[in-house]
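Everything below concerns the one structure shown next.
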Amino acid sequence: MDNKLTHFDNKGNAVMVDVSNKNETERIAIATGTVKASSETIELIKSGQIGKGDVLGVARVAGIMAMKNTSNLIPMCHPVMITGSSIDFEIDSEKNEIRITATSKVVHKTGVEMEALTGVSIAALTIYDMCKAVDKRMVIGDIHLVKKLGGKSGEFNF
């Protein structure tokens, strides 16, 4: 593992990494996270009875929009032209949780890990926002990169 932090120059100042000499390749990143909620909240989401509307539909759009705007949120993240993105949900009624999975694809000189992680994070925050009137004890967690393909560092699997 390379322990060199790439977002700092030799004086310790923050910099955006220069990717101009890197090759454009297809890159894919998959991230995941969860929202734990009460069983009542999970049932309200499943039955479409949350007052603010279609929770997962809105969270899906919010997550995709977030992926497209990641470089505006994370200072040293390069703007990339995303070629594909998706947000998927899996409701586990036994665990009272919603698992969010974000996939981001690009043909570029830099990866899309931050885009996938941002998509999961914003989708989770959107679920919280839409359900907080009925459940303030929701817990957002377990957000992490699951898989990365492409680029100089190759494949990563969690």
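Every residue, even glycine, has its Cβ placed from backbone N, Cα and C.
As the structure is a computational prediction, the values presented were derived from the model and not from experiment.
Residues or ranges marked as active site by Swiss-Prot on the basis of sequence analysis: Asp129. A helical conformation is recorded for Asp129 (active site) in the three-state DSSP classification. Neighbours of Asp129 (active site), defined as other CB atoms within 10 A of its CB across all chains, total 14.
Applying an 8 A CB threshold to same-chain residues 6+ apart, the list for Met76 (substrate binding site) reads His7, Ala14, Val15, Met16, Val17. In the three-state DSSP classification, Met76 (substrate binding site) falls within coil. Here Swiss-Prot flags Met76, Cys77, His78, Met114, Glu115 as substrate binding site, drawing on sequence analysis.
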(Q) I need the CA-to-CA distance for His78 (substrate binding site) versus Asp129 (active site), whole Å please. (A) 28
Q: Report the residues of the chain - excluding Met76, Cys77, His78, Met114, Glu115 - with C-beta within 8 Å of the mean position of the site's C-beta atoms, for the recorded substrate site, in sequence order.
A: Thr70, Ser71, Ile74, Pro79, Val80, Thr110
(Q) Long-range neighbours only, meaning 6 or more apart in sequence with Cβ under 8 Å: which ones does Cys77 (substrate binding site) have? (A) Thr70, Ser71, Met114
